[in-house]
């Protein structure tokens, strides 16, 4: 990486907060980062210190809700299309298999686009990229609604463009949360933001089926066009810039392109900032997102998360087929409702797990603080000033085990997920009461979302100034592995039947489980090596 980075914070620009800063609306001591780059928000004179962000708690929740709405477009645009595929095939006089190629194209672009847009969002700002994504989504959806049935190639092209606009909203949303929230807040914020991504698969097929049946397949794309256009106008009016390399903690006036038409968010906070806080950040150099894959801790986490996501995706991708075979009395509407089980588990997980992650993080901090205090009383000084993970120079302390703080309870959720995954296929193969696989789906949805959200939060903890970029890399690996597995899952089912197929899926998850402990054990060492390597380049 070309710029200097503090251990555990990656290669971005803002000052990684101390984990003691659980409530960003309260004043607290925060030291300026030394050695990574110029501090965005240096300490004010006197005893008063800057909070991590000038946005109030209410304003943060407003931004999280706005990001959740934007993040919903990626899965919504993908899933709203499915019920109309047979109708579209008839309209274009093509086979269902050829129309399904538009789904494959969508998935490929969905995997690649967030890494590109997320990187640009870490450089140009969140607001311009959000607006551009909404504009692309609205215009491409309008084009799809007007596509002549003789232009099959145009359908494929516009679906790819549509994916490019919608898929990147997730990485941009995570970037916003990294900008405004310290590690003690990110669990709940990310959990609530992902509600939008979970709602998309729930309501997408219902809306798509109803619109296609009542108004025709073109109405699906008109619906997305209107929704995206309204979101564009709303964001144009009120969405503030949050990128810390542009606005610091939110107190710095952004360039005109990054300013909302109605600057109501953060206005009161900017008028009450400390007098010397609004120091303009140094210009941020552009970084190649692929260089993140050179970090062993990132590769370990992405591979672990990608395999678990691929196994999860194999459940959702085969749900309709396996349920229709095991329970032939189910109608198409019933099959659509069956998706609510796994989505419901994810919805519950998004809220409850976020709260638990923040609470567990606070408990771990308190434990580390007590240990540090006892060591100091016993004359032991390991160079760390406190349990917040900062040394006496204000840099992130490599001795602070951020990996353990995030991952120490994950084996519980992981074990339950693997066990339910192994049993899921046997329930379908034995054709037990339909309640059996539905209950397992709820648990699979809950535990998989808990694991994947935790990994996403840890990745942002490691690279908070490249929140969009690291989320895009995560999306690339997850969607890439998911698409690869789904492309062969039917062949595996034919060869092994559902029972052994999902035993194999569970075995894949077991095989990568040791990576969790590799990250916990070696993560601090790799972060320290990264800090020394980058320090030697600057």
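Going from the start of the chain as shown, residues are counted 1 onward.
Cβ from N, Cα, C; glycine included.
Not measured: the values here are computed from a predicted model.
TrEMBL tags one of the stretches 292-315, 364-387 as transmembrane segment, and that stretch is 292-315. With a threshold of 8 Å between CB atoms, the same-chain residues lying at least 6 positions outside the transmembrane segment (409-426) that come near it are 308, 311, 315, 356, 360, 437, 440-441, 443-444, 447-448, 450-451, 454, 497-503, 505-506, 509-510, 513, 516. The average pLDDT for the domain 'Major facilitator superfamily (MFS) profile' (63-525) in the predicted structure is 83.
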